[in-house]
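Novice: Dumping the structure here so I can ask a few things about it.
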Amino acid sequence: MTLTQQRKLKTILVGIASWTIALLLFFPIFWMFITSFKTELQAISVPPQLFFEPTLENFTIVQERSDYLKHAWNSVVTSFGATILALIIAIPSAYAMAFFPGKRTKDILLWMLSTKMLPAVGVLVPIYILSRDYGLLDTQLGLVIIFTLMNLPIIVWMLFSYFKDLPKEILEAARMDGASPWGEMTKVVLPLSVGGIASTGLLSIVLCWNEAFWSLNLTASEAAPLTAMIASYSSPEGLFWAKLSAASTLACAPIVVFGWFCQKQLVQGLTFGAVK
Amino acid sequence: MKRSITRLLMAPSVILLLVWMVVPLSMTIYFSSINYNLLYPGRNNFVGWMNFEFFVTDPGFWIAISNTLTLLLSVLIITVVLGVALSALIDKPFAGRNVVRVLLISPFFIMPTVNALIWKNMMMNPVYGIFAWISNSLGLEPIDWLSNYPLVSVIIMVSWQWLPFAILVFVTALQSQDTEQKEAAQMDGATGWHIFRYLTIPHLARPIAVVVMIETIFLLAVFAEIYVSTGGGPGYDSTNLAYLIYNQALLQYDVGVASAGGLFAVLLANIVAFFLIRAVGKNLTV
């Protein structure tokens, strides 16, 4: 075998190995997806059925049985609400730290990061009691507040790194033209970093959408987002795999697609810029 | 003048995060020192260290600590070892590489409750699950994963979710590896293994450290997977620290003991955070 042939063979082998592993790891998701089009009987048939006549009835039953749309709406409101609120709070801070850094800026950034390290379970009791006392248990507003604070450090951190990469000359030019700091931010910085802000927001939406700890502990029937609603399918009475799969597919599909688009931001955001 | 505007801009996030951190934490500390059960309100006398004693002598405490650490270490080893191997594998171009990458990272975006239910029902169910079918096809006795190996089952679920994260970080890091260096090594007759061992692994040292620390923060707090799949059982077999605290607080309504437990969790996370913040801080340029 010549060297090129050897190389080709190696590439083919690497391809086969990678595809096999990828398909194996993806299999549970694939299986959930196709199970959502089965009848309950087909879903638990032994041996498992790969080919069958697909049905859409699970999706309608899920809506009737557990009011899917209400919970989906809760997910939308809480993740988008918390993301927008966090962006509004974070943009001015990130702007100030990126363009007017002081002696303490680095310490403040690291301190913000450290708040993210506080385990949720350590403050479960007080947050639960505060929510109860202020009537925020099982409300969308309660979750929005928690999600906003939960993601604020990541959002400030990511925006800070975007703003810092903007060319300084443009800002100086604007300053020479007599722009105020406020004008600088709204007329120069924000338009230039629309992309960065959008992908930060996307990451925040993904994190809120999949958040399970607070959703499970602070909501019941009214404000439960999809993460908590799906958990109600864990009841041992009866097997509802097809319906569970239908509900899960609907709940996960948009976020998996979002995730594909924000891979890079995810790495940057979750590692706080340590890996780029 | 500039200074005050900057402060004004930063104030909202700093104040909010300060409140978010200080208020609940001081409440946790306060609750941990009083007798406070939601079922018997109004008898909140100071009890000193009694809540801590209660929590530590709970029959589940040491099991929960050991489960928390077993879960943490197992998932870390699985995700880092497989993550490095897989990201090195897909680092070279081959047909459909982008699709493979998308498939590999997808589990990370599945919400924890769905993750647990897919595995619990469709994969691990001892009668109808895929694993049982495979066992039967091979002529083996199917395993009742959640009853007989509850902690292993949780480890599988959590690893399935976090392996994609490790892959994602390592793939990103490998893209910045110096290709000239690799080519030079190849010219000098280095084998694929040597390049992997002496160039790729050292290049990944930092990303590995970061993945270990980030995952540690999340893995110490695994909750939804246990809540949905095993409920911490059978017995305490798959109860971790987070689940034990939840159990004390929202199932037994014992706020005092749960708060004492919460402080243990905070302490554990702080030890990790200390190292993480130092590592990240070194690379932070303002």
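Backbone N, Cα and C define each Cβ position, glycine as well.
Curation plays no part in TrEMBL annotations; they are all automatic predictions.
Summarising the annotation, TrEMBL assigns transmembrane segment to B:9-31, B:61-90, B:102-119, B:151-174, B:207-230, B:250-277. The domain 'ABC transmembrane type-1' annotation in TrEMBL covers B:65-276.
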Novice: Considering only the recorded stretches B:9-31, B:61-90, B:151-174, B:250-277, state which has the highest number of Cβ pairs under 8 Å to the transmembrane segment (B:102-119).
Specialist: B:151-174
Novice: At a C-beta cut-off of under 8 Å, are there same-chain residues at least 6 beyond the transmembrane segment (B:207-230) that contact it? List them, or none.
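Specialist: For the transmembrane segment (B:207-230), the sequence-distant neighbours (Cβ-Cβ under 8 Å, at least 6 residues beyond its ends) are 68, 71-72, 75-76, 79-80, 83-84, 112-113, 115-117, 119-120, 146, 150, 153-154, 157-158, 162, 165-166, 169-170, 172-173, 237-243, 246, 265, 268-269, 272-273, 275-276, 279-280.
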Novice: What same-chain residues lie close to the transmembrane segment (B:61-90): Cβ under 8 Å, and 6 or more beyond its ends?
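Specialist: Apart from its flanks, the transmembrane segment (B:61-90) reaches 55, 97, 100-101, 104, 151, 154-155, 158-159, 162-163, 165-167, 169-171, 174, 196, 200-201, 204, 208, 211-212, 215-216, 219-220, 222, 236-244, 268.
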